[in-house]
Structures are given as C-alpha cells and as structure tokens.
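Novice: Sharing the features that Swiss-Prot gives for it:
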{"type": "BINDING", "residues": "30-37, 57-61, 75-78, 142-145, 174-176", "note": "GTP binding site"}
{"type": "BINDING", "residues": "37, 59", "note": "Mg(2+) binding site"}
{"type": "DOMAIN", "residues": "22-195", "note": "domain 'EngB-type G'"}
C-alpha cells in the first residue's frame, strides 16, 4: 500500500473512546521495546511518526493510527515490563483484554517478538491467548538484521518451537534497519483488511 496520509486519531483506555468509523483494525502487540513503533514507522514511510522510546512501558494507551482513511493500526501497550507497578500492569491487562476480545472491527493481530532471543513467557501467553480467541495471527520477528544469515533457520525454529507455532498462522522476519519484511507484512495486513475479510 502506498501511504500518504496517516493520523493518530485517538489514544484510548476504554471502549467508549474507540473510533466509530467502522474501518478495519489491526492490533500490534508485543513486549516493551520489541520494536512496535519502528514497525509502524517503516510501514507508513515515516522516520518518527509513532514515538519510539528508550523507556520501556511508555505506551499506556491504545493508540489508533488511521491509515489512508481505510484502516487503523492499533498500538497496544507493551507487556511484560517489570518496573511498572503490578496494579498498573493489571489495569493495562484489563484494557488490552477488553479491546482484543470484544472489538468487532479488529481483523487480526500482529505479535512482535525479538528475533535475537527465544520468546518470553509473556510472548507465549499472548500467542496462546489470541489462538484461543481464533484471531488471525501474524508473528513478526523484529531486528532480524542482527541474526547472521547462516543462523537464521535455527533461530526461526527456536522461536516457532517456543511459541508452539501453528501452521495456519503466519511468520515474517522483519528489520526496521534494512526494511526486510516490510512488503510481506503489508500484504498480510491488506489481505485481512481492505483486500479481505
């Protein structure tokens, strides 16, 4: 998709604040600092539209980015960051669960994992949770440029094995630095929004 118009239209914490346009939505989920903002910036051809932060846990709301008056990217608060209080984490968890399980315009979820490491317990829990709700899923392994080519197959196998990855879901290696995977991610998004369901 050629992207010219992007707008952060809403930072929401409750369903009453969600956009009401009816455009299809793609949720972007992953632990703090996995690269969600960088993925959004690459997809929309901007350097710093979605705020990237060196402080994990910075995103505390559901941020709705309207893309080309056709769909929304919904940046979900990063999970699994220890310095946030337990009460805060529970509040985020409830907000995320409400959105991911009851939003009728949600067409799929992109779960981001760090390609350099095995998925965390939080990553595994998010993947299993979305599978339980039968949500179309794309796992994006970020920072893939950090993995030497000769070791990539082994690393991909480790990620998939840890997640208990299912064949009907999709998996894409992505690098914000080299733009590897950008077109493939867009194809998946379009298939589940403007070009599909």
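Cβ atoms here come from the backbone N, Cα and C positions, even for glycine.
Keep in mind that this is a model prediction, so the values were computed, not measured.
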Novice: Let me know how many other Cβ atoms fall within 10 Å of the Cβ of residue 77 (GTP binding site).
Specialist: 25
Novice: Please report how many Å separate the Cα atom of residue 37 (Mg(2+) binding site) from that of residue 174 (GTP binding site), as a whole number.
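Specialist: Each residue's Cα considered, residue 37 (Mg(2+) binding site) and residue 174 (GTP binding site) end up 13 Å apart.
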Novice: What three-state secondary structure does DSSP assign to residue 36 (GTP binding site)?
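Specialist: DSSP call for residue 36 (GTP binding site): helix.
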Novice: List every residue in the same chain as residue 61 (GTP binding site), at least 6 positions away in sequence, whose Cβ is under 8 Å from its Cβ.
Specialist: 11, 12, 13, 77
Novice: Can you count the other CB atoms that lie within 10 A of the CB of residue 33 (GTP binding site)?
Specialist: 20
Novice: Can you work out the mean pLDDT of the predicted model over the domain 'EngB-type G' (22-195)?
Specialist: 88
